[in-house]
Structure formats: C-alpha cells, structure tokens
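Listed in TrEMBL:
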type	residues	note
DOMAIN	B:5-187	domain 'Tr-type G'
BINDING	B:ASP17, B:HIS18, B:GLY19, B:LYS20, B:SER21, B:THR22, B:ASN134, B:LYS135, B:ILE136, B:ASP137	GTP binding site
Amino acid sequence: MTDDWRNGGFGLYLHWPFCQSKCPYCDFNSHVADRIDQKRWEAAYLSEIDRIGAETEGRVLSTVFFGGGTPSLMQGDLVHAILDRVRQTWTQSNDLEVTMEANPGSVEAGRFADYAAAGVNRVSIGFQALRDEDLRRLGRMHSVAEAGRALDVARKSFERISFDLIYARQDQGKEAWRTELMEALAMEPDHLSLYQLTIEDGTVFAERSRKGLLRGLPDEDLSVDLFELTQDLCEAAGLPAYEVSNHARPGQEARHNLIYWRLGDYAGIGPGAHGRLTLKGQRWATEAPRAPGAWLDQVERQAMGELAREPSSPEDHVTEYLLNALRLSEGAELSRFAALGGRPMREDRLASLVEGEFLIRVEDRIRTTRKGRMVLNAILRELLLD
Amino acid sequence: MTDLAHIRNFSIVAHIDHGKSTLADRLIQATGTVAQRDMKEQMLDSMDIERERGITIKANTVRLNYRAKDGQDYILNLIDTPGHVDFAYEVSRSMRAVEGSLLVVDASQGVEAQTLANVYQALDAGHDIVPVLNKIDLPAAEPERVRAQIEDVIGLDASDSVLISAKSGIGIPDVLEAIVTRLPAPKGDRDAPLKAMLVDSWYDAYLGVVVMIRVIDGVIKKGDRIRMMATNAAYGIDKLAVLRPQMVDIPELGPGEIGIFTASIKQVRDTRVGDTVTHERKPCDAPLPGFKPAQPVVFCGLFPVDANDFETLRDAIEKLALNDASFSTEMETSAALGFGFRCGFLGLLHLEVIRERLEREFDLDLITTAPSVVYHLHMKDGEVRDLHNPADMPDLTYVDHIEEPRIKATIMVPDEYLGDILKLCQDRRGIQQNLTYAGSRAMVEYDLPLNEVVFDFYDRLKSVTKGYASFDYTISEYREDFLVKMSILVNDEPVDALSMMVHRDRAEMRGRGMVEKLKELIPRHMFKIPIQAAIGGRVIARETLSAMRKDVTAKCYGGDATRKKKLLEKQKEGKKKMRQFGKVEIPQTAFINALKMDS
C-alpha cells in the first residue's frame, strides 16, 4: 500500500468556485458572486499550499490543475502568486503540466498571456457546442465566433490546448453531430473532451426534465449511435479515446486527469475540492467545505480548509481503482487490484464478462471493449458487488 | 332467568353499506344499553379493519333491555353476523342461534346479491323476517319500488316493511316494536340436559378464550363442568356473562339465552363453531345437527420481503392462528422468495384480512403469491390428492385427471352492464344457469370455476360495471377439467413462485399477460433475457428483454469518484433485495408486482 500512489503520480488541484452565470446542466460546485476580494482568496490559497506542502514534503509534483467554476475569471496576479508558491513548495517534474479551465469569452482570452507568463502551459476551453442556438440552450454566454477567436488567442499563449463539447443534445441527430464534430476536428486540437449531455440531479435541466419540458433528448439507441460515431471520427482523425469521454493525440493526454484514473495522489485545495493523500502508509480521502464563504472563513480562522479526513479501506481502494482505471483504454491491472484489496478479482464474473465480450484480458491487464465501455457501470456492478 | 316469552333473538341481514352497523348502533342507543358518552360508530365491530372497511368479520352480540308498548320488559339479543361469503359457515351457525331476522335494504339501492345469499340462509334457518327499508330520507329513495323488488326477487311479503333512516334515527322505535311483536320467542326446556350451540369464540388478552353460546335446553351455571361434543374436551366454567356489549357477569343462562363463558381454554382452535356444549355429568343425547370443521378453500404463500423478518412472521401467524381456527398454515420455501408460509383461507376476503392484519398489527412487509384453489388430483393408482400449491404438482404421467372447485355465483347488475357481465363470466369459463329481471336490474346466476374468480375477478367486475354490480357465491362441487401447470422461465430458469394452475384454453392468455408484465418489471441486464411461459416443455408465450446498451458516466474526475463510490454502495444495499435466478437478478418488487392480486 505504502507506495501504491506512485503508480499514478502526484498532482495538485485548485478549485475556483465562481462563475459569471450558472449553466442549467452544470452540477459542479460553482457560484455567482458580485464582488470577489481576490487578495483574501490569494492569502487563503497560499496558506493551504503551505499546509499541504508541509504534509507532502519531498514529493515530486507533476501536475497542477485550475478547475472550477470558471478559473479564467482569476486575475493574472493571483494565478502568478499561486504558481510561485507552488514552485517554492514542491520539487517539480521536468515537464510540469499546468492546466487551466477557461471560458472562450473575450474577457478571458485577454488574460491568456498573463496566465502563460505565470506558468500555465495547457488550457482546456469550454466550447460546449459549435452552434449558437445550442449554446443559448445550454445557457452559455459566448458565441461560436467568440470561441473561435479565443482559440486563436490561446494558440499564441499555450503549448497545449484542449476543448470540451457536449453532445447528445436536444434534437441533435447523427448527421448534425457528425458535421459539428468534423468542424471541431478541423480546428486541429490535440485533445478533446466529448461528453454526452447528462441530466444531473439538482440542476435546472433536471427540474425541466421532471416537468417534461426537456424534449428531444436522444433515446438509448441514438445515444449509442452517437457514441460510436464519436469514437470512429476521432480515431480516424488521430485522436483515439484514451478515456470514456477524452480523446488525444498520443502523448497529449491530460496528465493531471490520468492521476485520478490511475489512482495516484492529489491534493485538493479550494471550496469543495477533494483530494487523495497517502501519508505514512495510509491513504486518506480529503474534502473541503463546499460553500466559498465557509471555506474562506475556515482557512482564515483555523489555517485549515478541510472537513474531517476519511481513511480509505481496502474495499475503497479497489472500488476507486476499478471505477477509474476501467475508464481508460489501458485498463486496470489484476495484480494491482489484488494488492489494493487484499483479494483477487472474482474469476467467475471476470470470465463471464470476457465471454460476453465486455472485457478483454491480456495477461495481467483487463480493459473494456467498445461495447463494454458503453455499459461500464454494469461491469463495475458485476465486478464490485457481491 | 328470563321467561322465554320475554326473549327475542334476532340478526340483521343486509348488504355492505346498507346500514346494518348503523342500525345496530341505533338500537343500542335507543334502549339505553350504552351510555351516550361511550357510544362510538359501529359499536359492534371491534377490529380496526372491520371499522375501516365497514364489514363484520367476527360474529358479535349485544343484549338489549327493552320495555315494549305493552308495558312488558323484554330481552333482545342481537347477533351481528359476518356479511361475507367467506364466512358463510359462521353465518349459518349464527343464524341457527336466533329465531328471526331484520332484512335491511337500502331504499335507494334495492336488493343486492349478498342480501339474497344471506336472506336465503335466514330462511333456511327457519327465521321469521321483518323487512326494514333504510335511508328513506335520501332524495333517491324509492321505497315502493324496493318493496316490490323484495316481493319479486325474494318472495317475502314486504307490505308492512318498517321505514327507517338509521343515520337520522327515523323509525327506530318501530323497529324495536316489530322485533317484539313480529318475531317469535325462542322455545326450549329448562329441565332437559344442557344443550347449547357454540356460536363463536375469540381470544381475549386478559380472559383467554371466550366462547359465545346460545342455550337451547337446560341451564348453564358458573362452576359447571361442561363438555364440547365434537372435540370431546371437558372444562370447568370460570366466568359466565352477557354482552351489553361489554361483559356483565350473570349467575346462569337458561333456554333461549345468549351469553359467553370462559373455561381456561388455551386456544381458539380448541373451540369449534357449531359444536354442542353440554354437561359432563348429564349430557344431552345427541349433538346439534350441521356441525362441520372449517375448510380452507383459497391458498397462497406469504413471504417476508426482508428475509430477516421470517421469525416475526412465524410468531405473527401463530398468534393470529390462535384466534382463527379457519386459517391453516405450513412452512414453505421458495427459490425466489426464501422462507415463508403456505396459508389456507376461507376465501379472498379472509386472505386479505389476514394479510392486512399481519402487515398492520405486526409491522411486516409481505409478498403474497398468486392465490390458488385446492385441486383434487386423481392419480392413476386410484389415490386422490389435494393440491394446494402448483409447485407441488406431480409428474403428469402419474395423474389420471384433475378436478377443480366450482361455484354458484349470483350477480345483480343494472341491465346496461349485463352484456359486459355475461362476457366476463363467459371469458372465465362460466356456464349461465339463470337470468331474471327485477325492474331495471338483472340477476344472473353462473356456474364458475373458483380459480377464475380468485384471479382478479372482483376487480374486473367492478371496473366493467363501474362498481354497480354486486356479487356473491357458494362453493358447489368439484368437477374435472383440462387443467395444466404453467411455469414461468426467466433466461431458461424456472421461477417457482410464479408457476400457476390454469385451464388449458386460458393458458396462452394468462402466460402472455405474465411474460409481458415481467418484461416491464425485470431490469435490463448486460445480455438479452428470454421470458417464457411454458406448459411442461412447451413454450406458450415468450418475450425478450433486450440487453442494456448504454450505462456509463460521462464525467468522472477527482471529486466524482467519491460520489460514484457512494452510488455503488447504495446499489450494494439494493442488491440485497434482488433474487438471483441463474445469471439474472430479479428485484423483489418485480415479484410483488407480478403477483399482485388485483382485488
């Protein structure tokens, strides 16, 4: 157990909880605020970096990720101060990946150069759709034209660029998605996150759906077809899926996210941020208070922005390992599963999933087939529930 | 002791909702038997279920003191009988304990099927009958029409019916006078050996088993040694009382009187309704005629939803059985539903009442399997076996033929629905016996198989007639028919809890219904699942549950893992409520819904 996290590496996640407006499909921890005292926030982030840094002394940091919310609302100075402190705190790997999520609005694009100067070297832009009407339906503030301009600006500042699209949207047929995705691929991104629209509890969409007002969502057959089409087009364009919803040119995978999926360690800083830290042989799940004000207060008063830590049990380990690793094309290792859980995977279940062509087993490794990947939750139930 | 001439024993015959319990309440009130402040509605119905459903399950009695217009004091004993066919035997015994009946008919609704069945029992028992038209103050009341109907359909002289409204208290004194003047006094010989009929018995937490009797001849006193003639058990009388309706001790009960005793009897099972009670030393020559032990006619399995509740269910069933000799149980195991009990009931209402009491009084969640009747299997070696559970059906090569119970059903219905009723009965393999009209209502009699009636017949009847039909039945005979066991296979595995006996001609339809229902109820799996109904090796209906094609979370990053893990833990809990059949998991709720009795 002690060194298991090294299989995944070590990263830092920073959560910026604010957005200009709340999107109707989004269930992330994001808030709309009029005025944000960036200096107060800076002090809090720096204090948390110091605290976690002391606990993880000696670790080599390989990634930093600014997520949100909309971290591209952060002022350049704030990002600069945070990354300076990160560099002072941890030894970094040679090719430290520093990603920032960004909205493709003009204001944000204006800050890209500052971020790059501060040390951000990868940007993940929330395009969401390449159709203005759909952007409106999704509650996005930007237009397709603005997004294009933001991409151009980003290209001048960052080495690596990814963007997100949401598909399986209302009234979206196969041909419409094919055209849209081809347009996206023509922009030559080296990384794409392509998510099927999911109606999450507690969102405006969920409320609309409950009232029967969210019409035109694809049925299961169409959503399977859309998924298949996505795999085919991306593979043909040289961006195969390396994870359920993520595609990259080989070598351009998001290394920070790979830490999650490979069950590495990551520190989570900021409101609602989760972390996983292995300390003295015990892995801990950390979680911060969700409300921005509560987090800020707690950091200021107690110099500690976390809720009570939960120790992870062997069962927690195998569950987290499988539910993450099987999302990846590379799959999971049976020996690591057994080492984490102190028990081997159930052979009978495994064999029937292989026989049903949901999983492929090659020596120590299992990975999903394309058919299996589409029913991953069912595979996990088979392998993890008695 | 009371002079026989000053006693009147009577019951009230009525259809549900025609006001029997309200009239009983009024009689209790008008004679000052219960102080006004202690009155509550349906005074005689002591179980919650009785009050809620407006039905009487146990016989109840009350002794009323009444000073008549002739200036004499009378004792009036009212036995409130169960009104439902399931308890027909109990009704017949109660009827034998009294000499007359009030026939209560709703003046706006008229005569219903159940009224008929009960009135015939009263006539069988040799009763004098006083027709009482209730609810005459309703705008829809048509006393003349209903009077004519009583004469046409029942053949009773209804010209001097008593007109009342039990709810508003109209006509109650007239009812009391009619009881005294128009019903006969009981007969009996005080000096003959004791002969009393056991009318009912129940368990009381403080007193133990309480036995209600009607004394025919002789006198019973506290301290007497008595013998029950059918069970041949002897006891000493500890307590003798009359019900007003609470117990009031009394030194003796003579001919014509109705009262209760206790005698350190442990179980209600030791007392049989219809048995004859006599003195141990100086017994009567012959018991009263007509005694028969209770015979369950409808069987079903009762299983706890949560397997951990099995012990609670066992205790609960034992407790109820102590107080209900007509309810039989034995342990049963099912691959689908685990440990439970196969229980026998007098009928569907009885089944439902017991199930409801188990759920309510013992806080149990139960799965009830499809109700089944008792089939007679005539084996090739000449043996005749009772089949209570389709799962016990032997190999057909050993069976010569199968007989099923038939009923004589009486249905009364406004004539606009007659066509629907005839079709329903025809679909259920009914044979029409009789069809008569009384005004705009038709009365139709059918010979029907009981197994078609236990399967959602009431429900269909109610829905095709918008609730306007009334229905009653008596079991008539066993008759041979082409009956088969239909099995249900899920992914080629038989599911025992879902097998049932059906008529060969109806098998396709029932099988189709079941597989279609199951297709909706079983969650999709990673593979496609055939769901089949089969007779022996032959598939008669088939549906295919298609494989799940997509179930994957689009986004899963740092914080999402915690959420997904919690979801899996929740599914782990849910999985405990699944039953495994080969590779297929079937949620218990699917069984509950597939087996739901639509009654």
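Using the three backbone atoms N, Cα and C, a Cβ is placed for every residue, glycine included.
Structure with TrEMBL features highlighted.
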{"residue": "B:ASP17", "record": "GTP binding site", "CB count, 10 Å": "14"}
{"residue": "B:GLY19", "record": "GTP binding site", "CB count, 10 Å": "25"}
{"residue": "B:SER21", "record": "GTP binding site", "CB count, 10 Å": "26"}
{"residue": "B:ASN134", "record": "GTP binding site", "CB count, 10 Å": "30"}
{"residue": "B:ILE136", "record": "GTP binding site", "CB count, 10 Å": "21"}
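DSSP assigns B:SER21 (GTP binding site) to a helix in the three-state reduction. Confidence across the domain 'Tr-type G' (B:5-187), taken as the mean pLDDT and rounded to a whole number, stands at 84.
Look at B:ILE136 (GTP binding site): DSSP puts it in coil.
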